[in-house]
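S.K.: Below is the structure I would like to discuss, written out as structure tokens.
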Amino acid sequence: MGLLVDGQWQDRWYENSQDGEFQREQAQRRNWVTRDGSPGPDGQDAVRAEAGRFHLYVSLACPWAHRTLIYRKLKQLEPLIDVSVVSWLMGEQGWTFDQATGSSGDALDGLRHLHQRYTSDDPRYTGRVTVPVLWDRQAGCIVNNESAEIIRIFNEAFDELTGSRLDFYPTPLRAEIDRLNDRIYPAVNNGVYRAGFATSQKAYEAAFDRLFAELDYLEQRLERSRYLTGEYLTEADWRLFTTLVRFDAVYHGHFKCNLRRIRDYPNLSNWLRELYQWPGIADTVDLGHIKHHYYASHRHINPTGIVPKGPALSLEDSHDRERLPGKGIWQR
Ligand SMILES: N[C@@H](CCC(=O)N[C@@H](CS)C(=O)NCC(=O)O)C(=O)O
């Protein structure tokens, strides 16, 4: 685990705040892909959507990268955008393409380390080397390394090429999706990391309390609402899904988020099973990568590197969500 400083790899753990709070670095590559290369939604520089032009780098362990794999699957992008999967083990060199530990290898250039992809974008790159990465083969650069934006790109840029009409960010629901994302990201998606990577009791407990208060709120919300925003399955659901599908296996134990498990919440666990069983989704969930990555890579948290065998997750069991009205995915 480390970062690039002026293009040089340095093996260093995160630097927390003085109060022991984990601080996540902002993603640095924020360009866009659009149908015709016109600017992105907030005026971002953009390149044109083309089949075979882009390559996606992911970890199957990572909840942020997982979002992009779900969109690639549901938006029928698999034939257009190929993928390289990094090793589940993040060691001294950060993410690698070591096939002995679950990597597919780098399908483009046979790189050994993901940090080489970042220095091929900028030989003097400074910052953390994270997944996901959307790479532009034609321009030889990183288009975007922020999952929240890559999924917005995948939601529409390639629709003319794929014919997909699925819309996970429909205009009438945008304000509500944004509102939910704004509370779920700090409390839950990043909240589990803020608990797990805290280096003071106070910072851990603050993250823990906020996380479980938010899970209580979401549990209540899902009592009367099939999906987070109502009858349609949207971006807000998929963003929560990739955290909750890891929760009982990893965050509950390894990150000490152990007030309750997701299976102790009737609505969240049924909702989680419905999403897991959505056609194509189970293929994107790799619990081997997930458990091995966290337990074997974070040796300061789990020094032996032993990976727990359990728990039994029952993600395939039936769910009760049909008791609530649902319309599935919005179509444009
Ligand atoms: N904001 C980024 C965060 C991505 C991220 O932090 N990914 C983790 C894996 S779960 C990573 O690559 N960490 C390596 C590091 O921080 O050095 C996103 O959502 O795309």
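Here, residue 1 is simply the first one shown, and the rest follow in order.
Backbone N, Cα and C atoms are what each Cβ position is placed from, and that goes for glycine too.
In TrEMBL, annotation is done automatically, which means it is predicted and not curated.
So TrEMBL has the following annotated:
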ACT_SITE  Cys62  active site, nucleophile
ACT_SITE  Tyr193  active site, proton donor/acceptor
BINDING   Trp95, Arg128, Val129, Thr130, Val131, Glu146, Ser147  glutathione binding site
COMPBIAS  316-325  compositional bias 'Basic and acidic residues'
REGION    25-45  region 'Disordered'
REGION    312-332  region 'Disordered'
SITE      Tyr251  site 'Lowers pKa of active site Cys'
SITE      Tyr294  site 'Lowers pKa of active site Cys'
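Situate these features within the shown structure.
M.R.: Reduced to three states, the DSSP call for Cys62 (active site, nucleophile) is coil.
Within the same chain, the residues at least 6 positions away from Tyr193 (active site, proton donor/acceptor) whose Cβ sits under 8 Å from its Cβ are Phe22, Arg24, Phe255, listed in sequence order.
In sequence order, Gly2, Leu3, Leu4, Gly94, Trp95, Leu114, His115, Tyr118 are the residues of the chain that are 6 or more apart from Val129 (glutathione binding site) and have a CB within less than 8 Å of its CB.
DSSP assignment over the compositional bias 'Basic and acidic residues' (316-325) gives 3 helix, 0 strand, 7 coil.
Note: the region 'Disordered' (25-45) comprises 0 helix, 4 strand, 17 coil (DSSP; helix = H, G, I, strand = E, B).
Listed in sequence order, Val192, Ala195, Gly196, Thr243, Cys257 are the same-chain residues six or more apart from Tyr251 (site 'Lowers pKa of active site Cys') with CB atoms under 8 A from its CB.
A 10 Å cutoff on Cβ-Cβ distances gives Tyr294 (site 'Lowers pKa of active site Cys') a total of 24 other Cβ atoms nearby, all chains included.
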S.K.: Within 10 Å of each Cβ, count the other Cβ atoms, then let me know which of the binding-site residues Thr130, Ser147 comes out lowest.
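M.R.: Each of the binding-site residues Thr130, Ser147 was scored; lowest Cβ tally within 10 Å is Thr130.
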S.K.: Considering only the recorded positions Arg128, Thr130, Val131, Glu146, Tyr251, Tyr294, which possess a Cβ situated under 6 angstroms from at least one atom of ligand 1?
M.R.: Arg128, Thr130, Val131, Glu146
S.K.: To the nearest whole angstrom, state the Cα distance for the pair Tyr294 (site 'Lowers pKa of active site Cys') and Cys62 (active site, nucleophile).
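M.R.: Just about 9 Å between their Cα atoms.
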S.K.: Reported as an integer number of Å, what is the Cα distance between Ser147 (glutathione binding site) and Cys62 (active site, nucleophile)?
M.R.: 11
S.K.: Compute the C-alpha separation of Arg128 (glutathione binding site) from Cys62 (active site, nucleophile), stating it in Å without decimals.
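M.R.: For Arg128 (glutathione binding site) versus Cys62 (active site, nucleophile), the Cα atoms are 15 Å apart.
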S.K.: Let me check the 10 A CB neighbour count of Arg128 (glutathione binding site). How many other CB atoms are there?
M.R.: 19
